[in-house]
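Reading through the structure tokens given below for one structure.
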Amino acid sequence: MAIERTLSILKPDAVKNNITGSINSYIEKSGLKIIAQRKMLLTKKQAELFYEIHKDRPFFGELVEFMTSGSVIVQVLIGENAVSKYRQIMGATDPKQADKGTIRGDFANDISENRVHGSDSLENAHREIAFFFAECELV
């Protein structure tokens with residue numbers, strides 16, 4: 001079993017609807033630990049760079065607009081198989097397909113405002129964590 005780090009973003013809809021504490025409970029109950037956390041307002045440039053992988057997709061502009069529409073909470077999670085474990089507790093990207101008992105299944109209604117982001121691979125987790133945090137902040 002590998003101890004991994006992964007990035008979590010509690011999106012503007014989660015912050016606005018004051019469900020960040022509930023989401024953190026799901027994270028902690030899964031056995032993952034939050035080792036770094038920061039509340040911030042992403043600039044358009046930051047959102048474009050972070051989601052650059054989606055720049056040619058039709059939803060890119062809407063995604064950037066949404067992610068800059070309010071505060072987000074970026075977190076680094078650590079634990080056994082953190083990337084896959086967090087993806088499991090997030091639930092399917094489309095909340096309509098997400099199981100009950102997952103973050104999206106319990107708290108989200110719309111695919112474009114689905115409450116959370118999580119790294120989709122260990123490689124992307126390293127890149128995404130470095131985007132927001134210096135190594136010395138991860139304690």
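Cβ from N, Cα, C; glycine included.
Taking a C-beta cut-off of under 8 Å and a sequence gap of six or more, R104 (ATP binding site) has these contacts in its own chain: M90, G91, A92, T93, P95, A98, N114, R115, V116. According to its DSSP assignment, R104 (ATP binding site) is helical. According to Swiss-Prot, the feature ATP binding site maps to K11, F59, R87, T93, R104, N114.
Swiss-Prot lists H117 with the feature active site, pros-phosphohistidine intermediate, giving sequence analysis as the kind of evidence. Other Cβ atoms within 10 Å of the Cβ of H117 (active site, pros-phosphohistidine intermediate), summed over all protein chains shown, number 21.
A simple way to gauge crowding: the CB of T93 (ATP binding site) has 14 other CB atoms within 10 angstroms, across all the protein chains here. In sequence order, S112 are the residues of the chain that are 6 or more apart from F59 (ATP binding site) and have a CB within less than 8 Å of its CB.
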